[in-house]
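Asks: Just passing along the structure, written as structure tokens.
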There are 2 protein chains.
Amino acid sequence: MSVTAPLGFRAAGVAAGLKSRDARDLALVVNDGPSRAAAGVFTRNRIKAAPVLWSEQVLTGGRVRAVVLNSGGANACTGPAGFQDTHATAEKVAEVLGDSAGEIAVCSTGLIGERLPMDRLLPGLDLVAAQLTRDGGLAAADAIRTTDTVTKISFRRGEGYMVGGMAKGAGMLAPAMATMLSVVTTDADVPASELDRVLRKAVGLTFDRLDTDGCMSTNDTVLLLASGASGITPDPAEFEKKVTEVCADLARQLQVDAEGATKAIAIEVVGAAHEDEAVAVGRAVARSNLLKCAIHGEDPNWGRVLSAVGTTEAVFEPDRVNVAINGIWICRGGAAGDDRAKVDLRPRDVTITVDLSAGPHSATIHTTDLTADYVHENSAYST
Amino acid sequence: MSVTAPLGFRAAGVAAGLKSRDARDLALVVNDGPSRAAAGVFTRNRIKAAPVLWSEQVLTGGRVRAVVLNSGGANACTGPAGFQDTHATAEKVAEVLGDSAGEIAVCSTGLIGERLPMDRLLPGLDLVAAQLTRDGGLAAADAIRTTDTVTKISFRRGEGYMVGGMAKGAGMLAPAMATMLSVVTTDADVPASELDRVLRKAVGLTFDRLDTDGCMSTNDTVLLLASGASGITPDPAEFEKKVTEVCADLARQLQVDAEGATKAIAIEVVGAAHEDEAVAVGRAVARSNLLKCAIHGEDPNWGRVLSAVGTTEAVFEPDRVNVAINGIWICRGGAAGDDRAKVDLRPRDVTITVDLSAGPHSATIHTTDLTADYVHENSAYST
């Protein structure tokens, strides 16, 4: 279903020869309207890829006709020439669609620092445009994969409208969004300003709370496009809920497919004085390589949880912190609690609960274990 | 030579049965004076082990008669009972030496969250005190090892005085000091206030700039003890230089012995607007798991350097950043520079130079690669 689940969208994914192996690497998602309202959230990395710089400008207009996405190259750190490549890509898509380049968003993913092979990409755009169909969402989702082992798609049904989405991301998953590209579509009729509000909130609660390896990418982009083709103006709260659910579902798929991961770890922080502090504590725990190794080894090493909590500025008293792993409170009052032998770490899903005993706020950060496979995958070749 | 290189110090290291295997695990360093001036720098982690809380109090007095150190248990997150264990340890050492517990510093290292076996530790203190000798520095350095594969010792000769030191640390090496214990001794005659100034400065330039896995420990302690036994009041600048050299030498030994590491990486940040920003940039790069994997794979993936630089608040323009790996400027002006094939990453020592082109300041952070062995070592058992 993916991005073509809602009415008004066509998509396609083709092999343009950007990747060395013969796989799909170029995707196009077109909004046929009647509305073109759109919103975007981008990486907070100060080193931004050319397509991010371009698409940020496009999104200031609140309108997107089409999104072109490529794997096989991030077009980041490529200087003015790289930006011209992005510009040329948007111009070419606009030409094929008989539209304006100013409403064509561009996303790229892959190795940083190398120019895209434009001699293959530009002809590929003719190819992908020729294959646009109402059921091309899956092919598009396939084309944006890099080290992703599976395509990531999702959809939810609202009252008379649909929300669909696709995403890619397996490594460099961190703070200001898991390193990732995602396009979410809807046939609801929603103005750009409302899309912007809803998307920021949804991303803040989902992609932003996935932190698998602490590395923030230069290319992170999440776009929300509304065709209005259902003719339905949704209830704002319901619409926000559906978009958030699609983003959460995609984020979960990114987590499960994270490079080398054997465990999906939820760091649930409760009893925080402020939600921000709950997020900060969860993120600190999620970034402890030592803890991530311990969970990989199915060792309930709560000392590594506490030592990560202690690096934050959050309000807490060391002797009032409690920690549970998979429901067993093995740390109570900052010291050993229930018998650690009771903790069953064999299941793939692991929940680490940190109770700061400092207030009513909470947040959950999602991460993975750190494995030899992660090291192999990220040392064996450039990504 | 270690901590007994300077006059006025005795030391010993014995096996007290704190570790499961039959190895040395208890060390004692005694300052026979005439001076007892001392200074300490401790972990900035808010979750502090009992011996850290104790020793911080001792050091407020600026006088230390002896330091007792154990491996085989961190005595962190052990609650009031754990603090009583530290207190009892200091009392016992004071009793054996016929001195005051208020001038006995305590250091512990090992697994967090478990009580120390006091029934073995207390008798061990009689044993270690009985073995104190002027040449016991090496045995003491051996006794504080945890996953360290070698003992770490150093000394430097000043004008009429000596500076000696020992350290332990192989994992959890991070920000506010590599996770480590270190005792540095001198027979120079230096008041506690001056020792404090010198030690803070030396630690800030050495141990604080080693960041192998981003994990900050609950037990980090560096102590500087002066016996005054040489009768020499050193030139302040020379003394600072010698102490800094000993700390730098020990920090280098920690780096080379870091768990699983096959590369010693120096992140040299130049052209920064402020030294603090150079440190922040170096630390961000040192903490990129993706980069650390790439260096392990001998892949000069400078895009992973730039994406880490971009997460900082340091002053720089993305299109003016240059990066060299082992002297080859593979990134110039934020884009591809010299041929990456020219970078030789086969040597153990790797230097990554980041030129921010934003000012005259610089700093170097030391780290290591991320390897499957690191994962194995930290997932196979609790440490």
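Note: Cβ is positioned from N, Cα and C throughout, glycine not excepted.
This is the feature table in TrEMBL:
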ACT_SITE  A:Thr179  active site, nucleophile
BINDING   A:Thr146, A:Lys168, A:Thr179, A:Glu259, A:Asn378, A:Thr383  substrate binding site
Asks: Given the binding-site residues A:Thr146, A:Lys168, A:Asn378, which pass a C-beta cutoff of under 8 Å against chain B? Sequence order please.
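Replies: Near chain B: A:Asn378.
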Asks: If we count other C-beta atoms within 10 Å, could you say which of the binding-site residues A:Thr146, A:Asn378 has the fewest?
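Replies: If we count Cβ atoms within 10 Å for the binding-site residues A:Thr146, A:Asn378, the smallest count is at A:Thr146.
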Asks: For the binding-site residues listed here (A:Lys168, A:Glu259), which one has the lowest count of neighbouring CB atoms within 10 Å of its own CB?
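Replies: Checked A:Lys168, A:Glu259; of these binding-site residues, fewest Cβ neighbours within 10 Å: A:Glu259.
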Asks: Under a three-state reading of DSSP, tell me whether A:Asn378 (substrate binding site) is helix, strand or coil.
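Replies: The three-state answer is helix.
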